[in-house]
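Chemist: Let me begin by handing over the structure; questions about it come next.
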């Protein structure tokens with residue numbers, strides 16, 4: 001468990017200029033995340049760059065990312081893009097999966113996923129790049145809602161709790177390929193499951209005492225604003241915005257992870 005005195009001192013020592021910088025980073029990340037996922041590519045390195053310990057950075061990142069995913073989810077729900085009653089099982093199993101993943105990461109190393117993740121994320125980008133018609137319209141479901149909840153929501157939720165980067169892209173891909181959703185509808189449903197798995201992970205980090213509240217809440221406000229702007233653009237621009245963003249985010253994430261793990 002983190003030393004409370006150290007955490008408090010770190011929070012107080014943060015300058016207003018640094019808080020403003022992290023607010024702006026979170027705003028941009030919230031915008032990107034609400035469209036294609038991958039906002040953590042900006043926020044986690046930013047938190048580490050200001051000298052926050054890795055565990056505290058991951059915990060604080062979970063707090064601020066909850067703001068963005070909630071903001072986008074609420075926007076889509078209010079616009080009737082999402083029917084929560086039809087998602088109950090997926091929400092439950094995404095929460096359970098994320099909780100199990102978070103518990104597991106406390107006991108084993110995630111080196112294998114660090115090697116595998118670049119392959120997975122570049123595959124997402126290539127899929128949308130070379131299948132330009134996919135996600136334009138709703139298609140026949142391949143899995144029932146219950147099957148989707150078990151095969152996709154719980155598995156990606158587990159991944160989000162265990163490791164995290166790219167979870168939004170994987171949720172979106174699952175909705176397009178397995179549930180037959182168009183990209184706009186898939187993105188809306190993705191944010192609900194993203195918020196669910198974020199909350200599950202955050203609960204464990206809160207109990208561990210790792211969250212830096214001043215920083216996290218400041219960034220959360222930025223995430224809320226950025227995610228709301230991004231969510232509005234999803235509805236107005238649709239696949240014309242989502243597809244290139246998914247390809248770009250997946251490619252950048254893959255290159256970053258390859259650089260970190262192999263060079």
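A Cβ is built for glycine as well, from the same backbone N, Cα and C atoms used for every other residue.
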Chemist: Checking feature assignment: transmembrane segment per TrEMBL, candidates 12-32, 33-53. Which range matches?
Modeler: 12-32
Chemist: Please find, within the list 112-130, 131-149, the residue stretch that TrEMBL describes as transmembrane segment.
Modeler: 112-130
